[in-house]
Structure formats: C-alpha cells, structure tokens
C-alpha cells in the first residue's frame with residue numbers, strides 16, 4: 001500500500017471515529033437532558049429537541065426488527081471497506097471518501113445504539129413540517145446519500161468508477 005493510500009485510510013478512520021463520537025455524544029446529551037422532560041423549543045413552531053426511542057427505521061417503519069437493521073449496517077460498512085480498498089488515492093476521489101465516511105459513521109452510530117439499548121435515540125424534530133424525529137447519525141446518512149448521488153451524476157465519469165467493478169476488464173484477463 002502506497003503512502004497516499006495509507007494517509008487516505010488513516011484520515012478516513014480518524015474522521016469516522018470523530019463523527020461517530022459526535023453522534024454518540026449528542027445522543028448522550030439527549031438522554032441526560034431530554035429524557036422524561038418536555039421538549040426544548042429552539043424556534044417556536046419550527047424546531048425542537050424532543051426525546052424519542054426509535055425501535056424501527058425512518059418514519060417508524062419496521063418496528064422491533066433489530067437483527068435486520070444490524071445486518072443492513074454490517075453490509076453497508078462492508079461495502080464501504082470494499083470501496084475504500086479499491087479506491088485510487090487520487091484527489092478526485094476525496095469527495096467520495098468523505099461521503100462514505102459520513103455514511104459509515106451514520107450506520108455505525110445507529111448500530112451502536114441498537115446493539116447497546118435495543119433502540120436508537122432520536123431528538124431532532126422539525127415541527128414546522130411534522131417531520132419524524134431524527135438524530136445526528138440520520139443527518140450523516142442523508143447528507144452522504146445526497147452527496148453520493150450528486151457525485152455520481154455530475155462529477156464522476158464511468159471510467160472513474162471502473163475501479164470499483166467486480167468484473168475484470170479484457171486487459172486484466174489477458
């Protein structure tokens with residue numbers, strides 16, 4: 001492994017740990033200050049801190065399916081490791097690495113909650129649109145997914161993504 005690749009992986013790991021730590025810290029604050037208390041209004045009619053224990057997925061779907069969520073998180077993390085391993089160390093792939101870091105941190109942050117507690121702590125509530133209560137890890141996943149879509153549509157070309165293909169090119173087989 002060359003020095004640039006090693007540096008990319010170390011940076012990824014440091015960022016990943018920081019993001020997961022921030023997610024877990026904010027959830028800890030939510031438990032300490034919000035659990036059992038009235039919501040904290042940040043902006044009247046718009047945004048609140050509102051404690052919730054989510055045993056399902058987004059919008060309350062798939063309640064009590066912890067094994068399923070654990071499996072999905074493990075598969076997402078495994079796919080991220082695969083992509084990172086195959087990713088060239090060129091600068092053009094840094095935005096992809098950042099998106100993968102956020103996606104992985106979000107998956108890991110919620111997986112930690114599910115394994116430790118059997119539920120995910122949610123505490124951010126956009127009351128204005130009655131959006132389901134969510135957390136920092138959910139923000140990571142949402143922003144990372146949006147970033148990945150934008151990168152794939154507008155930034156990377158097909159040949160930039162060829163390094164991630166499971167198929168061997170004709171040059172590799174001869």
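Cβ atoms here come from the backbone N, Cα and C positions, even for glycine.
Just so you know, TrEMBL annotations never went through curation; they're auto-generated.
Keep in mind that what you see is a predicted model, and the values were worked out from it rather than measured.
According to TrEMBL, the feature transmembrane segment maps to residues 132-156, out of the candidate ranges 32-56, 132-156. Comparing residue 122 (active site) with residue 138 (active site), their Cα atoms are 9 Å apart once rounded. Neighbour count (other Cβ atoms within 10 Å of the Cβ, all protein chains): 22 for residue 122 (active site). Secondary structure at residue 122 (active site), taken from DSSP and collapsed to helix, strand or coil, is strand.
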